[in-house]
Ligand SMILES: Nc1nc2c(ncn2[C@@H]2O[C@H](COP(=O)(O)OP(=O)(O)OP(=O)(O)O)[C@@H](O)[C@H]2O)c(=O)[nH]1
């Protein structure tokens, strides 16, 4: 049974959006949100930057490998060893690229990609420092550029989260420090110079990475609120539309809904060459009822009658609407005239059996209703008005015959 009210969905503002609004208002300098929001942010952040991270990781590894051409000139004896070391970086980058590529089908493997990028950075740093140590002394300066470029590249181009970047930068700084003091034999003042440059650059990339993540979090919150607002607006529009089709008193469809559905069902029945029945119900001597029991009781009586009709019209395709202030219309497709009449009778009898007191009723001392039923086959019938006029005529006939009964006709009986 279609009713309008039960289609209305309760729309509550998303709890996540509320937390997002609070976080946005706070403008905290901390790079964390409450747990549920943080989870959503991490997923969206990783997904957003996965493509660029994949591309830059691969480009970086290729650069490390290709720049190994130097090694043949700087350390011909160990060139193949160093190329092998450089190829290790490419392998780790490829693993990270693979993890990013399969993250939608294998989420567990996909979740490994930030760790693989960390591994790639630390391994590449170790390899580059080792190669710098074995390089000919006059080439130290050129080789020192490698770790610096790696630092810039991993912290600024690939958008790893600040927490991860911090770990990478600290580890890389220590590796640089130990390699500079123990492995790469540089004059003392050059070591200080190298470490000073490395430290300044580390601080710069950390600050930049921090700002990137803060901005990324702000954009995430704004997007989330925008999406939620859009969804709420959509839900409100649907709710308003549905309320505009509902009768306030009884909760069934109103006349507007009936008119829309009638033409819709008419065309559908026409297409599928099925019948369409309309039953019109009216409370007998309702004016007297109102006069004797008051309008509020009259309203309760209308509600009871609507509930009773609805409880008898159980098919999914049945549609009950308040047709006019004191009449109800039941539209029921694909039912034969005899069954439509039986349905009307069972509704009329059920209302009578409620024994709602109506002492001023001309015939009975309880509330009764009358019904007019019309069944048509729209593919044989040119005019939709015949359905309404037929049901209305039969309703008046039932009233004339004393009420508490159903009068029904169909095109078959009418000789069409
Ligand atoms: N309580 C109440 N009464 C209503 C409402 N809408 C219409 N009515 C009353 O319904 C009565 C009209 O009912 P009708 O069915 O036309 O007339 P009737 O008195 O029932 O006469 P018959 O139909 O011939 O039996 C009027 O008294 C209206 O005031 C409503 O929303 N609430």
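The backbone N, Cα and C atoms fix where each Cβ goes, and this holds for glycine too.
Keep in mind that TrEMBL annotations are predicted by a computer and have not been checked by a curator.
Matching 79-100, 233-254 against TrEMBL, the residues noted as transmembrane segment span 79-100. As stated in TrEMBL, the feature transmembrane segment covers range 192-212 out of the listed 24-44, 192-212, 255-275. Looking at 112-135, 280-303, the range tied to transmembrane segment in TrEMBL is 112-135.
When the stretches 55-73, 79-100, 112-135, 141-157, 192-212 are ranked by Cβ pairs under 8 Å to the transmembrane segment (164-186), first place goes to 112-135. Helix, strand and coil counts under DSSP for the domain 'GGDEF' (274-411) come to 59 helix, 36 strand, 43 coil.
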